[in-house]
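Q: The structure follows.
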Amino acid sequence: MKLFISFTLASSLLLLFLSAALIGVSNADEYHRIPHHKSRSNNQRNRAITEDAAFWKSTAQALLQAELNKKPIEAKAKNVILFLGDGMSIATVTAARIYKGQKAGKTGEEEQLTFDKFPYSALSRTYCTDAQVADSACSATAYLCGVKTNIDTIGLDVNVIYKDCSTQNEAANRVSSIMTWAQAANKGTGIVTTTKVTHATPAGTYAHVANRDWEDDYAQSFDGVDTTTCDDIAEQLVLNDPGKNFKVILGGGRSYFMPNTMPDIETKENGRRRDGKNLIDEWKKAHPTGKYVTSRDELLNLIVSGTDAVLGLFSPAHMEYFMESSTANNPTLEQMTRTAIQMLQKETNGYVLLVEGGRIDQAHHDGRAKLALEEAIQFDLAVAAALELTSTDDTLIIVTADHSHTLTINGYPDRGNNLLGLSGDMGEDDKPYTTLSYANGPGYDTTFANGERINLTNVDTTADSYLQPSAVPIGSETHGGDDVAIFAIGPQAHLFQGVYEQHYIAHVMAYAACVGDGLKFCDAKSSSSRHGAVPLIMLVQFVLVWFAGRLLFRS
Ligand SMILES: [Zn+2]
């Protein structure tokens, strides 16, 4: 009996312990998976959605079939267009896609951007030689020159010393870009951006600077630089190789090319240059059959066939954000891209073009996600225009970003929930929070007051001017260090199928176009000419043997 009681007690205790452990596990699991659904009334969140098993199976089968039918284009790329979404993190791509869909009245998550449909994609590791999180200068040097370098420097290798012009002028430190390689192969070259054309990303195509901020001599003067021996970025674009040979330069930054005695045509404020140089006139002198344009109408009315080169400076500084464009002066990125491609399509040997959606980054820095997503959609429209105007048989199009940002898409919002709205869940402070937020940035002030989180219940978080919440107070939200995406279509696009270092991109462009370091691979790649050459060599050999035979048999 004693034994039976002991056994019963022991078994009960064991069972109790096991149940407690199981409850504990399931509770812990629940805690991690299910948040505070205080605002939810049922488990099926959006009853209007009826995508059943048959739907998902058929969409997956269609995707699978498309993948099985996919064939790499092994040809040489006559043209290369690099689309650079500045700061276009993967979260930005996803958010832009949802935002685009919701603007069109859909739930949004299923929407596709133009480059979502590209056949090949990869990840790009963006760190620089001395920085875990990149800026646009060192990253531009990586994907345009094929060499990683120090943060805040452009077109120079790791031996450059920040703000030291003697290391900028050292020939051994300089690295050339895809534009120099393309020009050596007699290809046309051009740049398009929504920022100043002297900003870090476009400067990566033509400049060598120990400080990305040295956009003109005035900026250099703050660092005590001898501006007579140290070329600023605007000077390098207009006066030096390869910038002076660009067929297309479109963007903002007019005041960096004008002397401080000359009023701007739009703002009437004087230019910035203290050295008296008028670089716009210098460009005109060097391009007598070129055209200088300053407005959208002038750009759209440009007669491409009669114009050898175009310099378009549409704003004294950065061009306006698309959503805030107050004048008809600024063309869209799509309009600039179309003109650029039409200009470069005149080149018999093809072209290399950089198109930057430069203000996605700046809108993020401002802590304004809606603005960033609008810029990303404009960027996508430019990509669509390029696809329309070119052929994937001879044009490699790459879409990527230079670095990430701290934007996150968080919470457990319902399918189709307004991306710019509240997530539908509560924090442990019983206050709602937004789906989009930044790890840091100016949105701190719209997040916290008197040591508490602000209640957003009656705040219009979808407003154009709304600053998404952030956890750390910083006036300018920072970049992020996570990988960014690469999307590619056209010849050699299949070389992007993995996780790569960012500087690999320049080497793929060179290989695909048979320029620069890519030249040494070209015999192997241009299979059509090789296949043509083999029968020719055999024929020559046959004729030689026949003649030799005739000579032998005669004697
Ligand atoms: Zn930035």
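Residue 1 is the first one shown; counting continues down the chain.
Even glycines carry a Cβ here, placed using N, Cα and C.
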Q: Can you find which of Asp86, Asp116 TrEMBL lists as binding Zn(2+) at the same site as Asp361, His365, Asp402, His403, His479?
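A: Answer, per TrEMBL (Zn(2+) site with Asp361, His365, Asp402, His403, His479), from Asp86, Asp116: Asp86.
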Q: For the recorded Mg(2+) site formed by Asp86, His199, Thr201, Glu356, name the remaining residues of the chain with Cβ within 8 Å of the site's Cβ center, in chain order.
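A: So the extra residues in range turn out to be Leu84, Ser136, Ala140, Thr193, Thr194, Thr195, Ala200, Pro202, Gly357, Gly358, Asp361, Asp402.
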Q: Among all the protein chains here, how many other CB atoms are within 10 A of the CB of Asp361 (Zn(2+) binding site)?
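A: Taking all protein chains shown, Asp361 (Zn(2+) binding site) has 30 Cβ neighbours within 10 Å.
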Q: Measure from each Cβ of the binding-site residues His199, Asp361, Asp402, His403 to the atoms of ligand 1 and list the residues where some distance is under 6 Å.
A: Asp361
Q: Taking Cα-Cα distance, which of the recorded positions Asp86, Ser136, Asp361, Asp402, His403, His479 are within 10 Å of Thr201 (Mg(2+) binding site)?
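A: Within 10 Å Cα-Cα: Asp86, Ser136, Asp402.
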